[in-house]
Amino acid sequence: MINRKKIPYFNLIPILIIAFFLFKIINNIDYFVRGFGFIISILSPFFWAFGIAYILNPMMVYIENKFKLRRILSIIVVYIIVFGFLALIVNIISPTISKNIKDLVNNTPIYLNKTQDWFENNLSHSSFSNNPEIMSYAHRTFNSYLEKFTMSLNRTLNLAFSKAIAFTSSFLKMIFGFIIAVYILKDKENFIKNAKKFLFAMFNKDSVESFLIYGREVNSIFSRFIIGKAIDSTIIGILCAIGLSIIDVPYALLISLIVGVTNMIPYFGPFIGMIPGVTITLFYSPIVALKVLLFIFLLQQFDGWYLGPKILGEQVGVSPFWIILAIIVGGGTFGVLGMFLGVPFIAIIKITLQRYIDKRLAEKSKENNTKPDVY
């Protein structure tokens, strides 16, 4: 038997071993990242499947309870609704959006030339027309901004096309995800039952029951937020398309799609969606751009004051300060997805801290045989 007292700094040995392995991992981080990425790529159909099953589960449960259908029939009905909706998008909405994008790309040089002509015409009739230095500086500055805008627009379009190609390449994985999701939905009770058995076998009863209560709270936050926000954004997108079509705005469906998608992001989403819509129409006509600005602003006010609270209610129970912090941190760390998921994550962190604080206060009050102070 090893005598720890005879070995100097024996307790430091495990720390040194861990530090050595951490150093090797950090030193070869590229290999580990590639290996991890490879594993994620292989398992991605299962991630798709769990995500799809999670989203479709409330609809399946509703149909199952409402119409007293068997589980497999409920799943079939849900899939018919989902694929019918996707077919509607592909056959009706998608061609119009594709045409909007094509027209926008083709008309962009025309809009830029018109803008340049307008600027030069106004500048030549201004009081600075007799000053060559000011005229030269104005031309250089305007052309510089125009060039930067064109480069930025090209980068945005290239990024959009590359994302579309990336989505196409992962389309097969999504199809496999839909297939696997059928089995997850069909046997979800068995999955949950086996998971509970494993937890009760590995941990004590009180810890497992506390964890399950916590899990239900987390699930409630995520499901209410994601599903509620999706419904809210879909309605806003449809209302935007109807309103822009009535006031005869070009690229109405494309702008409405952008507004609907960005509306998924709390607080900042409406403003993010407003910018492309106004920019797209600004070169077509400043008056039309002003109409778009006013309409989307009024639509977002309607969503913020009436529609959103009606659908979502107090879905996360977090103050605006923490929501804005979550969006900024999430966006800076994980991009658009982080901006969207940052809100439910901050709510989960709040619940976790609240449960820990309540537990500590209860333990202290038990030790002191007094009621916990509430500040």
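Note: Cβ is positioned from N, Cα and C throughout, glycine not excepted.
Marked as transmembrane segment by TrEMBL: 7-26 (among others).
Under the heading transmembrane segment, TrEMBL lists 32-56 (among others). Residues of the same chain lying 6 or more positions beyond the ends of the transmembrane segment (32-56) and with a Cβ under 8 Å from any Cβ of it are 25, 78, 82, 170, 173-174, 176-181, 184-185, 188, 223, 226-227.
Annotation comment: TrEMBL describes 72-93 (among others) as transmembrane segment. If one looks beyond the transmembrane segment (72-93) by at least 6 residues along the same chain, the residues whose Cβ comes under 8 Å of a Cβ in the stretch are 56, 59-60, 63-64, 178, 182, 185-186, 253.
Look at TrEMBL and you will find 164-185 (among others) tagged as transmembrane segment.
The transmembrane segment annotation in TrEMBL covers 226-247 (among others).
The transmembrane segment feature in TrEMBL is assigned to 253-275 (among others). Within its own chain, the transmembrane segment (253-275) is flanked in space by residues 93, 96-97, 100-101, 104, 229-230, 232-234, 236-238, 240-241, 244, 281, 292-293, 296-297, 299-300, 303-304, 320, 323-324, 327, 331, 336, 339-340, 343, which lie at least six positions past its ends and keep a Cβ under 8 Å from the stretch.
The transmembrane segment annotation in TrEMBL covers 282-302 (among others). Using a Cβ-Cβ cut-off under 8 Å and counting only residues 6 or more beyond its ends in the same chain, the transmembrane segment (282-302) has close neighbours at 107-108, 111-112, 114-115, 236, 239-240, 243-244, 247, 249-250, 255, 259, 263, 270, 273-274.
Note on the transmembrane segment (322-349): residues 218, 221-222, 225-226, 229, 264-269, 316 of its chain, located 6 or more positions outside it, place their CB under 8 angstroms from a CB of the stretch. What TrEMBL records for 322-349 (among others) is transmembrane segment.
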